[in-house]
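Participant: Below is a structure I'd like to ask you about.
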Amino acid sequence: MKQYLDLMRHVLDHGDRKSDRTGTGTLSIFGWQMRFNLDDGFPLLTTKKLHTRSIIHELLWFLRGDTNIRYLNENGVSIWDDWADENGDLGPVYGKQWRRWETANGATIDQIAQLIDGLKHNPDSRRHLVSAWNPGEVAGMALPPCHALFQFYVAGDRLSCQLYQRSADIFLGVPFNIASYALLTLMVAQVCGLRAGDFVWTGGDCHLYLNHLDQARLQLSRQPRALPRMIVNPGVTDIFGFRFEDFRLEGYDPHPHIKAEVAV
């Protein structure tokens, strides 16, 4: 994960000091890109331990179209708790937009089903996009989408994905997002009869919170280790049919976890 560490080092050395919504303050740059060849291994950070259970369950929760934290909490995942209301609701966040985007005439669009159909029947299309950024519903969201838009691309039998992340919390958020969309690429490739190619991460406002700088320096002092492999149950052929038990991580040998506070 040299690409990720290079971004962290660049922001520490060259980031502009900025204020932010949370009042914490950041070091920030605008515009950065990283590319991960998924043949090289699953891009899960090794310079600190990540909670893989949270990454998998959050992605399955998105794909369910769910916007209440009940499913996450039932599966030991608390990453959305700080933004939920007293009933566990988050408003029309990712799952709603992915699965039930509302049109002007009152109909809904299942962007994920549409994506899979397009990849299977018109792989060379340049319209394999899913957007979570719905200007008409942003005001009702507990947290507007940070990872706002993603696009798939087919070349031969290889499927690649590019994510645009408008707001990138480098220390806490970005490692989760890289792993989540790499996993989504493996899943989509499998159900479409393709091989996983590259995952491309593109960031807009890429920032380190000022209360994460010591943790970032500690992470940069650690030597990256070999990437693990994510094994996906080959029997699943429906993108909505995956369960947590269909994924197995092999060879993950990270450095210890580094604690850092979430800016809410």
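Placement of Cβ uses the backbone N, Cα and C atoms for every residue, glycine included.
According to Swiss-Prot, the protein carries these features:
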ACT_SITE  C146  active site, nucleophile
BINDING   R21, R126, R127, R166, S167, A168, D169, N177, H207, L208, Y209  dUMP binding site
BINDING   H51, D169, A263  (6R)-5,10-methylene-5,6,7,8-tetrahydrofolate binding site
Participant: Inside 10 Å of the Cβ of D169 (dUMP binding site), count up the other Cβ atoms and send me the figure.
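Facilitator: By my count, 22.
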Participant: May I ask for the distance between R127 (dUMP binding site) and the residue listed as 'active site, nucleophile', taken between their Cα atoms and rounded to an integer number of Å?
Facilitator: 21
Participant: If you measure C-alpha to C-alpha, which of C146, S167, H207 (recorded positions) come within 10 angstroms of A263 ((6R)-5,10-methylene-5,6,7,8-tetrahydrofolate binding site)?
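Facilitator: Checking each Cα against A263 ((6R)-5,10-methylene-5,6,7,8-tetrahydrofolate binding site), there are no hits.
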Participant: Which residues of the same chain, at least 6 positions away in sequence, have a Cβ lying under 8 Å from the Cβ of H207 (dUMP binding site)?
Facilitator: V11, G15, K18, D20, T26, L27, S28, I29, S167, A168, D169, I170
Participant: According to DSSP, which of helix, strand or coil covers C146 (active site, nucleophile)?
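Facilitator: The three-state answer is coil.
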Participant: Please work out which residue of R21, H51, R127 has the most C-beta neighbours within 10 angstroms of its C-beta, and give that one of the binding-site residues.
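Facilitator: Per the Cβ count, the most surrounded site is H51.
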